[in-house]
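Here is the structure we will look at.
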Amino acid sequence: MVSSPNGDAEKDAPDNLSLAGDGFDTVVKAKQAVEAACPKVVSCADILALAARDVVVLAGGPSFNVELGRRDGMVSQASLVKGNLPEPDFTLSQLNAMFAKNNLNQIDMIALSGAHTLGFSHCNRFAKRLYSFSSSSPVDPSLDAEYAQQLMNACPRNVDPSIAIDMDPVTSRTFDNVYFQNLVSGKGLFTSDEVLFSDPASQPTVNDFAKNSGDFNGAFATAMRKLGRVGVKTGSQGRIRTDCTVINS
């Protein structure tokens with residue numbers, strides 16, 4: 001949430017550049033409304049957690065209770081992001097290791113990956129799968145051929161780096177389990193998506209979520225509550241910012 005005049009805050013890290021500006025604006029506006037009614041009580045971190053739940057509900061996904069009481073962090077540096085977010089070419093074991101560091105298990109990880117039912121990605125995050133996957137096969141053979149062609153049409157070589165495409169090519173504005181159905185059909189955008197289906201250790205969960213939206217929704221709600229406990233600041237570890245964009249406000 002913090003903005004830096006030097007372009008070196010957490011939101012300025014390469015992995016975060018695709019985060020939509022209107023998402024930040026929504027949290028800032030909510031904070032301003034809360035501050036007007038109830039100053040210096042509710043943190044930006046809590047508002048962000050509530051907004052994440054609410055956008056899932058508004059897009060047709062499950063509702064769940066959000067635990068509250070976080071304080072806002074006092075450090076925001078782009079250099080601290082790398083190594084703390086999954087990369088688009090991660091294997092199942094790499095995904096599990098990163099999530100396990102945050103007390104999230106494999107089912108949590110697969111359920112949270114289902115959030116890729118919404119949102120978009122820039123072409124450079126998956127171009128390797130289209131043009132330089134391996135010496136014997138420039139296109140990743142696990143990609144559905146028709147989907148691969150769609151991606152090439154949207155993301156030709158040397159495409160404008162600002163071009164972005166939907167992560168879910170079927171129901172990109174609805175929070176549903178179609179993401180998992182896409183994986184079964186070879187239409188996962190990232191290698192780290194498709195590996196969830198191609199690896200036998202995770203395939204049964206993907207098949208379950210693809211067939212049973214209730215199973216996915218329940219697992220997603222559980223995983224989001226656990227994710228909401230990661231890195232929580234309480235007491236003197238944090239503060240209640242009055243302006244979400246200013247670290248010492």
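For all residues, glycine too, the Cβ spot is worked out from N, Cα and C.
Here is what TrEMBL records for this protein:
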| type | residues | note |
| --- | --- | --- |
| DOMAIN | 1-248 | domain 'Plant heme peroxidase family profile' |
| BINDING | E10 | Ca(2+) 1 binding site |
| DISULFID | C44-C244 | disulfide bond |
| BINDING | P86 | substrate binding site |
| BINDING | H116 | heme b binding site |
| BINDING | T117, D168, T171, D176 | Ca(2+) 2 binding site |
| DISULFID | C123-C155 | disulfide bond |
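Between the C-alpha atoms of the residue listed as 'substrate binding site' and C244 (disulfide bond), the distance comes to 25 Å. Separation of the C-alpha atoms of C123 (disulfide bond) and the residue listed as 'Ca(2+) 1 binding site': 22 Å, rounded to the nearest whole number. Apart from T117, D168, T171, D176, the residues listed for Ca(2+) 2, the same chain places the Cβ atoms of L118, V170, S172, R173, T174, F175, N177, V178, Y179 within 8 Å of the centroid of those Cβ atoms.
A distance of 11 Å separates the Cα atom of T171 (Ca(2+) 2 binding site) from that of H116 (heme b binding site).
Within the set of recorded positions H116, T117, C244, the entry lying nearest in space to E10 (Ca(2+) 1 binding site) is C244 (CA atoms). A sphere of 10 angstroms centred on the C-beta of the residue listed as 'Ca(2+) 1 binding site' encloses 19 other C-beta atoms. Here the binding-site residues are T117, T171, and the one ringed by the most other CB atoms within 10 angstroms is T117. C123 (disulfide bond) is surrounded by 21 other CB atoms, counting those within 10 A of its CB over all protein chains shown. Less than 8 angstroms from the CB of C244 (disulfide bond) sit M1, V2, V27, V28, K31, C44, I47, D72, each of them six or more residues away in the same chain.
Here C155 (disulfide bond) is positioned 20 angstrom away from T117 (Ca(2+) 2 binding site), judged by their C-alpha atoms. Residue pair the residue listed as 'heme b binding site' / D176 (Ca(2+) 2 binding site) shows a Cα separation of 10 Å.
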